[in-house]
Amino acid sequence: MTTVRTRIAPSPTGDPHVGTAYIALFNLCFARQHGGQFILRIEDTDQLRSTRESEQQIYDALRWLGIEWDEGPDVGGPHGPYRQSERGHIYKRYSDELVEKGHAFTCFCTPERLDAVRAEQMARKETPRYDGHCMHLPKDEVQRRLAAGESHVTRMKVPTEGVCVVPDMLRGDVEIPWDRMDMQVLMKADGLPTYFLANVVDDHLMGITHVLRGEEWLPSAPKLIKLYEYFGWEQPQLCYMPLLRNPDKSKLSKRKNPTSITFYERMGYLPQALLNYLGRMGWSMPDEREKFTLAEMIEHFDLSRVSLGGPIFDLEKLSWLNGQWIREQSVEEFAREVQKWALNPEYLMKIAPHVQGRVENFSQIAPLAGFFFSGGVPLDASLFEHKKLDPTQVRQVLQLVLWKLESLRQWEKERITGCIQAVAEHLQLKLRDVMPLMFPAITGHASSVSVLDAMEILGADLSRYRLRQALELLGGASKKETKEWEKIRDAIPG
């Protein structure tokens, strides 16, 4: 009997996302319920955004939640390497095989030509797609241009008519027309694979039997199925999990909800409570109980109990469930958890240099630095009264700063400062005009330790969360203002 093997393959390009933990949890439970194995693979082929720091954060966040894996970059295994950036020679071999078999071709089209083709197609109200320009180039011309070192990619061929039947473990057979599929790039000009080739090759070579992934990948499933067919490989069983959603039913995003696992750890949520809550996202225990452990979820796990309705990630419900876990702890357990959270040595070492020179005794630390140890901060609208800006301008500045910070990939003091500076300059303000708004939003006080240092220490999600709170207190942005301010945001450099 074949051993069940599932996997999670996150990209190390930012803070570890609760959506990653959600999919990892369901893959883990499915594997364990069937006596199988769970694999962690790192998709780091985006060399511009991938970092080893983000990779380590993924390991730390998943382990904090209690999710462990049998094979992976940090624990090894018989199917390594487990980082895609270290498997380039493998992908090249299989990409070349597809070209030799006539299932893929070398494309020399420049980005400028591709942009022009797309623009023409959109002007004709056609779906933008590759036009097949290089698909039938003579072999000798291809070889000559390759020998000359001309930039190129490898594209797969796809049918232009008919439908592809995608067998989904949750939905049954899903029919997707082939004319919706583009000739997907498999190998990029930098010699690294795209998601499609790498996932198919890795899943096959690593013996993955079941792929549980987010439903956002369902529309592109025909490309994966066709690649399995081209290689002559047995396709793993596919399961497209419903996406986590905001309370307004939109896709879960950092613009409306904190999405970083690190945020919930910093806020003082118990890992077992967060994992419990993620387990309730579209799934329920046979007896419908709301509170359960990972071991209990594994014992009773059944994919047939997954609901296709988009599960709502509601911060209030998570907080309620976390409270249930807290109240069931013994006093000793509670005290231990509080100590571990509040007196984290690594976190205290980040804060200490900014507090030490401002206090004369330890009792002054809490009033000065208490905001480092809370989720939200107490806000008073009077703190946002500004000598130079009217209330609408205050809201505009806070909204624009929030939007710019939401697009920030690396959360460092210099980059945070750059975002705020860019907003100020575009609005013809000075940095000193904007900073008095940042202090109360982030610290709850008109003055405190350096607010820029504080934002770096607090982290992206918690800082953005507090800015959202401040905006809500001041009335937020109307639909008309949002449209107007978005145009301003898009014109701000950086």
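Just so you know, glycine gets a Cβ as well, placed from its N, Cα and C.
Swiss-Prot lists motif ''HIGH' region' at one of the ranges 10-20, 43-53, 406-416, namely 10-20. Looking at 171-175, 251-255, 481-485, the stretch flagged in Swiss-Prot as motif ''KMSKS' region' turns out to be 251-255. Of all Cβ atoms in the protein chains displayed, 7 besides its own lie within 10 Å of the Cβ of H136 (Zn(2+) binding site). Shown in sequence order, F105, T106, F108, Y130, G132, H133, M135, L137, R155 are the same-chain residues outside C107, C109, C134, H136 whose Cβ sits within 8 Å of the Cβ centre of the Zn(2+) site. Secondary structure of the motif ''HIGH' region' (10-20) per DSSP, as helix, strand and coil residue counts: 3 helix, 1 strand, 7 coil.
Mean pLDDT, taken over the motif ''KMSKS' region' (251-255), works out to 77 on the 0 to 100 scale.
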